[in-house]
Amino acid sequence: MRRVVAQGTFDLLHPGHLYYLTEAKSMGDELHVIVARSQNVTHKQPPIVPDEQRREMVAGLDPVDSARLGHTDDFFVPIRDIDPDVIVLGHDQHHDDERLAEMLTEEGIDCEVARASARDGDDKILSTGRIVDRICEERC
């Protein structure tokens, strides 16, 4: 059984999230998703949707076998619990693939790191930021 981990904020779900999770699922048999807690999102605007609600929405998506919130203090706790064969990063996530692989090795976690491919949106709104911008353009 090949276990795959995907992770992210997953605020205001959109087709880009589904593309990412579908591709991640195709890399294994089980897809486990770690949803970032609001307090740990420091590289961009904080999420609009509460933590548990974002986790629940992700858990309801067809490719997802399990979804959990990330640990408040230690990024590696859920990864150790899941014991994945591969961690798939989103095409636009800020993580450095090589540094993450080094950190996993330092933590004694043996898994590969892959990156999902970018998708052509065909005019679909594929980012939370673009959704928020569109709401402001149309409704504010």
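The backbone N, Cα and C atoms fix where each Cβ goes, and this holds for glycine too.
Keep in mind it's a predicted model, so treat the numbers as computed, not measured.
In sequence order, A118, S127 are the residues of the chain that are 6 or more apart from D92 (ATP binding site) and have a CB within less than 8 Å of its CB. Swiss-Prot lists T9, F10, H14, P15, G16, H17, D92 with the feature ATP binding site.
Comparing Cβ neighbour counts within 10 Å across the binding-site residues P15, G16, the minimum falls on P15.
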